[in-house]
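Data block below; observations after.
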Amino acid sequence: MHIKNNTSILKFHISSFFINDDYKIVTFNAVILFLLYNIGNLGNILIITVICLDVQLHTPMYFFLCNLAIVDICYTTVTVPNLLYILLSGDDTMSSTQCLIQMFFFSIAGTSETTVILVMAYDRYVAICHPLHYHRILNKKICILLMAVIWICALVNSSVFVNSVLKMFFCSSTTINQFFCDVKAMIKISCGGTDMFYVLMYADCFLLGFCPSVCNVISYVKIIKVILRIKSKDGRSKAFSTCSSHLTCMAIYYVSGLSVYLIPLSEHYNLLEQILTTFYKTVTPMMNPLIYSLRNNEMRSSLRKLVASFSQDIAYLKS
């Protein structure tokens with residue numbers, strides 16, 4: 001990360017639509033962000049807690065859901081607390097080191113989210129299309145191995161990505177028109193050294209965008225075909241109920257993600273891009289626990305049992 005005369009860049013300036021000269025507007029934005037961040041994290045922590053405590057949920061499907069909840073917590077924690085600090089302190093600067101660290105962990109979370117959603121689609125495919133072989137294909141060892149591979153690949157991908165950013169040059173502007181150190185926003189202000197980055201970006205778009213999308217679509221086409229062949233109405237309803245929460249989550253993630261990254265690299269689209277990115281990075285992780293808790297019968301049942309058990313413990317302590 002250098003400017004054209006080869007001197008290192010020390011600081012970047014974050015310029016987001018959240019930041020405003022009016023203190024009341026800034027406070028309102030900070031409160032909304034704080035609520036979204038905490039509601040999302042509490043929901044995801046609740047999902048992790050319920051899955052860990054309820055033995056009936058110790059299945060591959062909920063193991064992957066637990067990992068998705070962890071990824072969602074990381075996703076928002078990498079960006080939102082720093083934005084809250086900027087809003088409340090008025091200091092919109094980030095050092096190049098802070099920027100790279102944020103970019104590194106954000107890339108890990110993004111890569112992990114995409115691949116976990118893909119693995120969850122495969123899990124549903126095996127459960128619906130090959131139910132007799134489900135526990136053999138997705139046994140405990142395979143599930144742990146899959147998640148280990150996902151996290152290692154995310155770490156490697158993020159390291160290579162950040163290394164490509166280090167080779168970029170900047171002319172004069174160091175103002176990032178986004179609420180965090182987003183690579184796409186940095187490309188707009190760079191004026192050289194982006195060749196390696198573009199190669200990696202296109203490779204990532206293909207491997208982490210196009211390929212998972214195609215695999216997810218193929219999985220769900222086969223799943224729907226099998227479900228429609230089920231003669232029992234209750235059986236069809238249960239199968240759709242099991243898949244609908246993941247399908248909804250997947251659709252929101254891919255539609256919002258594609259909306260962000262398909263917007264042209266132009267100053268005219270800065271505001272629209274920031275609004276869509278905010279939805280993609282903060283609202284979507286908050287919606288995942290709501291979708292899984294409201295649309296999944298097993299999750300609702302486990303939540304009720306947890307609340308009932310907690311109420312009994314409180315009543316016992318009071319007596």
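Cβ coordinates come from backbone N, Cα and C, glycine included.
Under the heading domain 'G-protein coupled receptors family 1 profile', TrEMBL lists 43-292.
Tertiary proximity for the transmembrane segment (30-55) is limited to same-chain residues at least six positions away from its ends with a CB under 8 Å from its CB atoms, namely 18, 62-63, 65-66, 69-70, 72-73, 76-77, 80-81, 83-84, 87-88, 282-283, 285-290, 292-293, 299, 302-303, 305-306. The annotation transmembrane segment is assigned in TrEMBL to 30-55 (among others).
According to TrEMBL, the feature transmembrane segment maps to 62-88 (among others).
Listed by sequence, the residues of this chain that lie at least six past the ends of the transmembrane segment (100-122) yet keep a Cβ under 8 A from its Cβ atoms are 1, 61, 64-65, 67-68, 71-72, 74-75, 78-79, 82, 94, 146-147, 150-151, 153-155, 157-159, 161-162, 165-166, 180-181, 183, 208-209, 212, 215-216, 219-220, 246, 249-250, 253. Per TrEMBL, transmembrane segment is recorded for 100-122 (among others).
Packing against the transmembrane segment (142-162) from elsewhere in the chain are residues 60, 63-64, 67, 100, 103-105, 107-109, 111-112, 115-116, 119, 183, 197, 200, 204, 208: each is 6 or more residues past its ends and has a CB under 8 Å from a CB in it. Annotation comment: TrEMBL describes 142-162 (among others) as transmembrane segment.
Annotation comment: TrEMBL describes 196-218 (among others) as transmembrane segment. Same-chain residues lying 6+ beyond the ends of the transmembrane segment (196-218) with a Cβ under 8 Å from its Cβ atoms: 111, 114-115, 117-118, 121-122, 157, 160-161, 164-165, 167-168, 183, 187, 250, 254, 257-258, 261.
Here the transmembrane segment (239-263) has Cβ contacts under 8 Å with residues 61, 68, 113, 117, 120-121, 124, 127-128, 184, 205, 209, 213, 216, 220, 223, 226-227, 230, 269, 272-273, 276-277, 279-280, 284, 287-288, 291-292, 295-297 of the same chain, all six or more residues outside its ends. Sequence annotations record features per position, and here TrEMBL assigns transmembrane segment to 239-263 (among others).
Away from its own ends, the transmembrane segment (275-294) comes close to residues 17, 33, 36-37, 39-40, 43-44, 46-47, 65, 68-69, 72-73, 75-76, 79-80, 178-180, 182, 245, 248-249, 252-253, 256-257, 259-260, 263, 300, 303 of its chain (Cβ-Cβ under 8 Å, at least six residues beyond either end). Per TrEMBL, the feature transmembrane segment maps to 275-294 (among others).
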Whole-number mean pLDDT, the domain 'G-protein coupled receptors family 1 profile' (43-292), equals 83
